[in-house]
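To keep things clear, I will list the structure first and then write my remarks on it.
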Amino acid sequence: MGPLTESFVFLLQQIQFADDMQEFTKFPTKTGRRSLSRSISQSSTDSYSSAASYTDSSDDEVSPRDKQQTNSKGSSNFCVKNIKQAEFGRREIEIAEQDMSALISLRKRAQGEKPLAGAKIVGCTHITAQTAVLIETLCALGAQCRWSACNIYSTQNEVAAALAEAGVAVFAWKGESEDDFWWCIDRCVNMDGWQANMILDDGGDLTHWVYKKYPNVFKKIRGIVEESVTGVHRLYQLSKAGKLCVPAMNVNDSVTKQKFDNLYCCRESILDGLKRTTDVMFGGKQVVVCGYGEVGKGCCAALKALGAIVYITEIDPICALQACMDGFRVVKLSEVIRQVDVVITCTGNKNVVTREHLDRMKNSCIVCNMGHSNTEIDVTSLRTPELTWERVRSQVDHVIWPDGKRVVLLAEGRLLNLSCSTVPTFVLSITATTQALALIELYNAPEGRYKQDVYLLPKKMDEYVASLHLPSFDAHLTELTDDQAKYLGLNKNGPFKPNYYRY
């Protein structure tokens, strides 16, 4: 038998072997599911980290609320997973500072003047190395800060420990329960002898809690800064109802947030989150992205670049037309739900993916959310007796139907990138600088400048934030001549665009 014939026989044997393994590709039996789940869990425990976060497994059984911890200065005014992780967290913060030069520049320029002296800021954001740089900048500018997490999965425990060691009253840890989440917020707000006069929020939960539980505190707040679609929507609802008794700054719709954090950050972090959790290859995969705002645009650009076939769902004809012109097919979710491999929500709405959609999905369909709130996917409808939940690795659940079909749910429907991976430090520097300037503006504004309403960041401030980041690229702006400025009707130093300009 010649070499070619031998190779052909070997190939036939391999094909036969593949046929024999067909059973493995079918829906596994209940016993098979358990053993498969155990083996995946074991391997992922050994080698997988969802957000490069240091974790001491010996502490996992004890709730931080039940621990007595003090930092090196003897303070116990915090609640974190393990204060002993502070040194590791400090290194994380120092690394983040290297790519947040604009925020550090703002800190150096303004710390002599202490523009936030007397400010008592209560904050509820993701607690990561990048937000730690923001918090420590606010402290350097004179503020006192108390902080909790806006997402139960996004806290980097070592960073929270580093903040606590530095003297920040931080109440947060990765994997909080719903009860823990509200307890942490309450501990930030409710402290004898300390009353907040500024709020920095991400999602509106802190603002809602103070408004409902501590109305007297809420009335004395000098300003609210909010950076998410969900939180801004809540503020506009309060304003429309005549119940917003303090000025608020809508950072989410500032140009430097919308066009950089929402677009460019999500363009890079969507793939990071999906790859870390599922190891999926995107070439040829069919993906439906619900929402074609800035977040959706960023996600779609990344997925298209890797060869995915991308569909869009939209309610807005303008965004839908943009999607069409960018080469995407706009569909209703019900039209493609049986065939797609991945479903990504980024609308800021609720019940975008319903139980009916989930029931019709194909086996092994991946479902995740890139919006702030966990309301976009109807996860509650999946917690029923006939469905089995299996945790296969950190932030990855297989929800299994009676016929063996499984849907891969990431982060229980919460924000994918900050729950399951990390986000680019540089782009967060842009958002953090915007937040810091908004706080300074509201805190120092003369009486009467801002009424009890929701405001956009002044255009001049947006441009200033952008200019602080240009040196990182060795970028050099062209300056208008006097004659050119006069021709355009502009100040040579800006602002360069009217408020109605669409970037």
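Residue numbers in this text run from 1 along the chain shown.
Glycine is treated like the rest: Cβ placed from N, Cα and C.
So that you can see what the record holds, here are the features copied from TrEMBL:
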- Thr128, Asp202, Glu227, Lys257, Asp261: substrate binding site (BINDING)
- Gly293, Glu294, Val295, Gly296, Lys297, Gly298, Glu314, Asn417: NAD(+) binding site (BINDING)
- 37-56: compositional bias 'Low complexity' (COMPBIAS)
- 262-423: domain 'S-adenosyl-L-homocysteine hydrolase NAD binding' (DOMAIN)
- 29-76: region 'Disordered' (REGION)
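If you take the C-beta of Val295 (NAD(+) binding site) and look for same-chain residues 6 or more apart in sequence within under 8 angstroms, you find Asn262, Leu263, Cys266, Cys346, Met370, Gly371. Of all the binding-site residues given, namely Gly293, Glu294, Gly296, Lys297, Glu314, Asn417, those whose Cα is no farther than the 10 Å limit from the Cα of Asp261 (substrate binding site) are Glu294.
The binding-site residues shown are Glu294, Gly296, Gly298, Glu314, Asn417; of these, the one with its CA atom nearest the CA of Thr128 (substrate binding site) is Asn417. The local packing around Asp202 (substrate binding site), expressed as other Cβ atoms within 10 Å of its Cβ over all shown chains, amounts to 26. Listed binding-site residues: Glu227, Glu294, Glu314; maximum Cβ neighbour count within 10 Å falls on Glu227. In this record, substrate is bound by Thr128, Asp202, Glu227, Lys257, Asp261; the longest C-alpha to C-alpha distance in that set is 18 Å.
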